[in-house]
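**Q** Once you've had a glance at the structure underneath, I'll fire off some questions.
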Amino acid sequence: MTRSAHLAGIGSFLPSCRVPNAQLAARMDTSDEWIRTRTGIRQRYFAEPGTTTSDLAAEAGARAMKSAGLAEVGAVVLATTTPDRPCPATAPVVAAKLGLAGCPAFDVQAVCTGFVYALATACGLLAMGCVDTVLVIGAETFSTILNPADRATSVIFGDGAGAMVLRSGHTAGNGAVGPFDLGSDGTGRDLITVRAGGAEQRRSGLAPAPGDEYFSMAGREVFRQAVEHMAQSARAVLGHVGWQAGDVDWLACHQANLRILVRLADVLGIPEARVLANIAEVGNTSAASIPLAIDQAYQAGRFKAGDRLLLSAFGGGLTWGSTVLTWPDLTHP
Amino acid sequence: MSDLTYETLVALLVEKFEVLPELIRPGVTFADLEVDSLFLVELLLVVEREVQAAIPDDAINAQDTLERAVDIVREHVATAGTR
């Protein structure tokens, strides 16, 4: 490929309402210890009333554009499970909020794998020469689909947004993104789902069953499939790029559960010290989790130019995907 | 494929899952070790790598002793080997 995609800027945003475990334990049958030992999560952030996915996405996007030193981008690709409305897509609203009049903008829906899918889509736009820059955002207000009666999911997810600006380039080297490994298995759609609200339930002629309007997840089965698929996908992408596990400086995975991250690192043979983990502070933010974790690590000064990052995610669909990124020398903080 | 031994299972429990060696004695069950519901899923992922064979999620439950778990894994390895 003569044209490749390079990381030019990064940013993230968390809503203001911090929710520690104790606050959830006060209103449902759970405890700080139960949540911490099973998930590694200590707190998460929920968007305040009136704040939607497009608000979080626009703020993270603005920060990424500032980091790239750009006032405009050629396209906006938004990964989200929690769009402002079922129709239309949320990305055009985000583009409008960013003052990007006329800019092509669309959503990508691959649940927790969404950001990796959106990155791949953006790389395609750049490789085809459609545009020269793409703002890729992962943003969620997952709190809007959580079932307050389901302690298993209510304690895991949080709201937030992360974004990257990709720029086309003609060489590999620092900043280069890709290749990719992507996959899906629709026979597993019931494992991670919101059953009601789509054509299937509406066309059934039946009212939604209680709780079906909320997100649900089969935790144990998902745990196992997440580790297996991310490991397989990560190995595939390492094979494509010609890296060994020992070449990876940072494992930047979807922040699903701390125990999944630990198990995945073990399976891949990557030391835990090289695993980016911010799930304790922000919970599982679905499509936002990878850019959010990478941006927080960048802001904390953990990367140097040339560091090799392995990105991998697993989510509803089922979907999974992995890619690699060589950290650039970002000049606009 | 390779077999799982009791000694290997104990080593995995102690080294990968930080189970205290003094808790491990003949007849001890996973429930006795006070592990939670996700633990058996994690353990099976590790054991599958060890024996290079697929083992279903529900093959082992918390009431099984470590000796019984070794037997169950061996049965799955043997079945997979004769397929």
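If you go along the chain as it appears here, the first residue is 1 and each next one adds 1.
The backbone N, Cα and C atoms fix where each Cβ goes, glycine too.
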**Q** Select from A:190-194, A:255-259, A:265-269 the stretch of residues annotated by TrEMBL as region 'ACP-binding'.
**A** A:255-259
**Q** Which ones in the same chain are close to A:H254 (active site), with CB under 8 Å and 6+ residues apart in sequence?
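**A** Correct list: A:C112, A:T113, A:M230, A:N284, A:S289, A:I290, A:S312, A:A313, A:F314, A:G315.
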**Q** What residue among the active-site residues A:C112, A:N284 has the most other CB atoms lying within 10 A of its CB?
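**A** It comes out as A:C112.
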**Q** List the helix, strand and coil residue totals of the domain 'Beta-ketoacyl-[acyl-carrier-protein] synthase III N-terminal' (A:106-186) as derived from DSSP.
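**A** Across the domain 'Beta-ketoacyl-[acyl-carrier-protein] synthase III N-terminal' (A:106-186), the residues distribute as 25 helix, 31 strand, 25 coil.
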